[in-house]
Amino acid sequence: MTTLIISDLHLDPLRPVVTELFLRFLREQVSGADALYILGDLFEIWIGDDMPSEVADMVVAALRTHADAGTPLYFMPGNRDFLVGADYAARAGFRILPDPCVVDLYGEPTLLLHGDLLCTDDIAYQAFRAQTRDPEFIAQFLTQTLSARLAFAQQARLASHAHQSGLKQENDSTQFEKITDVVPADVAAMFACYGVNRMIHGHTHRPALHMLQVAECACTRVVLGDWYQQGSVLCVDADGLVLEQLLLPG
């Protein structure tokens, strides 16, 4: 049996082919799995569980089918969908995980994160993250009208794109990659803090398996891929793990 781990699908009505691929993945691969973990950014935008969305409705129905069949489903919020709450979780049948958290995968304690916590060289993003994850901010935000929340989210997305463009203009390609990737010292500190030898995260859209030494321990950091040009899934079992790509329909 296998545990499947994915992230960064960024499901959006403007990219129906990705939603189609995800639904096919659920039908064809999740039914026989030990568990499914979604490590954030399942959706491109999420402004509250009361947000009307045909894509979210299709996803919740598909996930519920597997939950009802007994497949454990887990969701860790990302930077795009950190407002996914208890109502949607109950409808879909998944458990919301804290970021970060340690889970046991076939006897191997494994640290799961969305991944943005490790990108501390991007100071502006970390400041925005701290503001928007504040419980008081979230409570106040969710009292606003849907239209006001949507306007804020759209503006935040435009600001994010502008920030990324600015970083590209102000830095050479090597420095830009460094700023927008994880900070090695933070990775090492996270390994040491949680006392594990394996870490899995998404966010950076740079799928890879990294081997490193932390305090004389051999550690593995697995980076999940995004679902833009193809799908990406990490398959974990008692024998190890494999990163696989999924072809988009058509």
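Residue numbers in this text run from 1 along the chain shown.
Cβ coordinates come from backbone N, Cα and C, glycine included.
Features of the protein shown, as given by Swiss-Prot:
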type: BINDING; residues: Asp8, His10, Asp41, His205; note: Mn(2+) 1 binding site
type: BINDING; residues: Asp41, Asn79, His114, His203; note: Mn(2+) 2 binding site
type: BINDING; residues: Asn79, Arg80, Asp122, Ser160, Asp172, Gln175, His203; note: substrate binding site
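Shown here: features listed in Swiss-Prot, placed on the structure.
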residue: Asp8; record: Mn(2+) 1 binding site; Cβ contacts under 8 Å, 6 or more apart: Gly40, Asp41, Gly78, Gly202, His203, His205, Leu224, Gly225, Asp226, Trp227, Ser232
residue: His10; record: Mn(2+) 1 binding site; Cβ contacts under 8 Å, 6 or more apart: Val18, Asp41, Phe43, Glu44, Arg80, Asp226, Trp227, Tyr228
residue: Asn79; record: Mn(2+) 2 binding site; Cβ contacts under 8 Å, 6 or more apart: Gly40, Asp41, His114, Asp116, Arg129, His203
residue: Ser160; record: substrate binding site; Cβ contacts under 8 Å, 6 or more apart: Tyr125
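Cβ crowding, taken as the number of other Cβ atoms within 10 Å, peaks at Asp41 among the binding-site residues Asp41, Asp122. Ranking the binding-site residues His203, His205 by C-beta neighbours within 10 Å puts His203 at the top. All protein chains considered, the CB of His114 (Mn(2+) 2 binding site) has 25 other CB atoms within 10 Å.
Neighbouring residues of the recorded Mn(2+) 2 site, listed in sequence order and excluding Asp41, Asn79, His114, His203, comprise Ser7, Asp8, Leu39, Gly40, Gly78, Arg80, Gly115, Asp116, Gly202 (Cβ within 8 Å of the Cβ centroid). Taking all protein chains in view, 25 other C-beta atoms sit within 10 angstroms of the C-beta of Arg80 (substrate binding site). According to its DSSP assignment, Ser160 (substrate binding site) is helical.
For the recorded site, Asp41 (Mn(2+) 1 binding site), the DSSP three-state label reads coil. Other residues of the same chain near the Mn(2+) 1 site, with their Cβ within 8 Å of the Cβ centroid of Asp8, His10, Asp41, His205, are Ser7, Leu9, Gly40, Gly78, Arg80, Gly202, His203, Asp226, Trp227, Tyr228.
Annotation note: Asp122 (substrate binding site) sits in a coil segment as assigned by DSSP.
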